[in-house]
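According to Swiss-Prot, the protein carries these features:
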type     : residues                   : note
DISULFID : Cys26-Cys115               : disulfide bond
BINDING  : Phe27, Gly29, Gly31, Asp48 : Ca(2+) binding site
DISULFID : Cys28-Cys44                : disulfide bond
DISULFID : Cys43-Cys95                : disulfide bond
ACT_SITE : His47                      : active site
DISULFID : Cys49-Cys122               : disulfide bond
DISULFID : Cys50-Cys88                : disulfide bond
DISULFID : Cys57-Cys81                : disulfide bond
DISULFID : Cys75-Cys86                : disulfide bond
ACT_SITE : Asp89                      : active site
Amino acid sequence: HLMQFETLIMKVAGRSGVWYYGSYGCFCGAGGQGRPQDASDRCCFVHDCCYGKVNGCDPKKDFYTYSEENGDIVCGGDDPCKKEICECDKDAAICFRDNKDTYDNKYWFFPAKNCQEESEPC
C-alpha cells in the first residue's frame, strides 16, 4: 500500500517519500517515462518495474505485513504476492537511503517534457 511505502521510506531513509520523491525526475511519482535522471530517479524506475512484475494483487492498494528486526525491515505474511510488494518497497527505501548524497533539487518537480527519450526496458 502506498501509505506503507511512505512509512518504510521514513523508517529507512529518514525522510518523507511524498515530499522528496513524490515528483522527482522522470520516474518518481505518478507515471514514468524517458530515462532516469540520477540514482534516486533510478530507484523509482526499478520500483516501477518491480511493481510491474507483481501479479495477483494491487501494489498501490493492498496492505502487506512487515516487521523490524535489529533495524532491518523484514517482509512477512502468508500471501506471496503481498510479500513481493513489500520487497519492492523495502528495496526502493534502501535505494533512496543509499543515494541521499546525490539527490539533486534540480530534479524536484522535473518537467515531463524533459522525459521524452525512449524508456529502457525493465
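Just so it is clear, glycine is given a Cβ too, placed from its N, Cα and C backbone atoms.
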Cys81 (disulfide bond) versus recorded positions Gly31, Cys44, Cys115 - nearest by Cα: Cys44
With an 8 Å cut-off on Cβ-Cβ distance and a minimum sequence separation of at least 6, pull the same-chain contacts of Cys50 (disulfide bond), or say none. Glu84, Glu87, Cys88, Asp91, Ala92
Around Phe27 (Ca(2+) binding site), which of the listed disulfide-bonded residues (Cys43, Cys44, Cys86, Cys95, Cys122) come within 10 Å, judging by Cα atoms? Cys43, Cys44
On the three-state reduction of DSSP, what should I expect for Cys28 (disulfide bond)? strand
Those same-chain residues, other than Phe27, Gly29, Gly31, Asp48, found with Cβ within 8 Å of the centroid of the Ca(2+)-site Cβ atoms are Cys26, Cys28, Ala30, Gly32, Gln33, Cys44, Phe45
